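Taken from TrEMBL, the feature domain 'Bromo' covers 1-73. TrEMBL lists 136-160, 235-259 with the feature region 'Disordered'. Annotation source TrEMBL lists compositional bias 'Polar residues' at 136-146. The domain 'NET' annotation in TrEMBL covers 151-232. The compositional bias 'Basic and acidic residues' annotation in TrEMBL covers 235-249.
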Amino acid sequence: MKHKFAWVFNKPVDPVALGLHDYFAIIKHPMDLGTIRGRLSRGQYRNPKEFAEDVRLTFHNAMTYNPKGQDVHFMAEQLLGIFEAQWPEIEAEVDYLASCPPLPKKFPPPPIDLRFLERSDSVKHHMVLDSISRPISHTPTYTRTPSMKKPRAKDPNKRNMTIDEKRKLSDNLQNLPPEKLDAVVQIIKNKNLSVRQHDDEIEVEIDSMDAETLWELDRFVANYKKNLSKQKRRAEREMLARQDAELHAQHSVQQPQPI
């Protein structure tokens, strides 16, 4: 959980250690992000709604026990706002994946992740529940945790593509010239995936591909566009040079000859 406030909610509240003798009298259903993560890994959530309810419960409990104006109340309020703002997009992606045909067994669909916390202020970052990288400067009201090691960066080839990224890749593949299709087919076949080819067209199932193959195709398209841009700029420079040479030649011809 990479948001700077998330570490406060990583573990269950320990009322005895923290001297919160009335905690269970006020909070009837304790919940924390670590417990949610465990339930996710064990596949205990039957649907996204159950997952979202536990996330909301975590922050509502903190806001209920800690009065407004205290640090923990503020942190819970901020994280709940981030979750509520980003949950519709996550839920829509889950619904989309559920509507797709089942993938081959070697490429199982990824589990629902607590992905909203890593996004923080930017909804474009990929969201994963992981260890916090830094603590906040001020101490919260009722909990403390030891500092944790900074997580290693995730391999970009392993990250699952979003729906928009898959759609963009599909459009880019369709716009490739015919002479580039053989390279695309070879990339797919190297991963032991099937591809249907008809003359100058190929048919691929984007949703049946693993993340590594998708990113390799994405790099191929990006390199093609980069080289195309270089060729275009070179052609423009050559055209401008020819035009300049022609203007210079015309100017030389029009110069009056000395008498």
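The backbone N, Cα and C atoms fix where each Cβ goes, glycine too.
In the predicted model, the domain 'NET' (151-232) has a mean pLDDT of 78. Residues in the compositional bias 'Basic and acidic residues' (235-249) partition by DSSP class (helix H, G, I; strand E, B; coil) as 15 helix, 0 strand, 0 coil.
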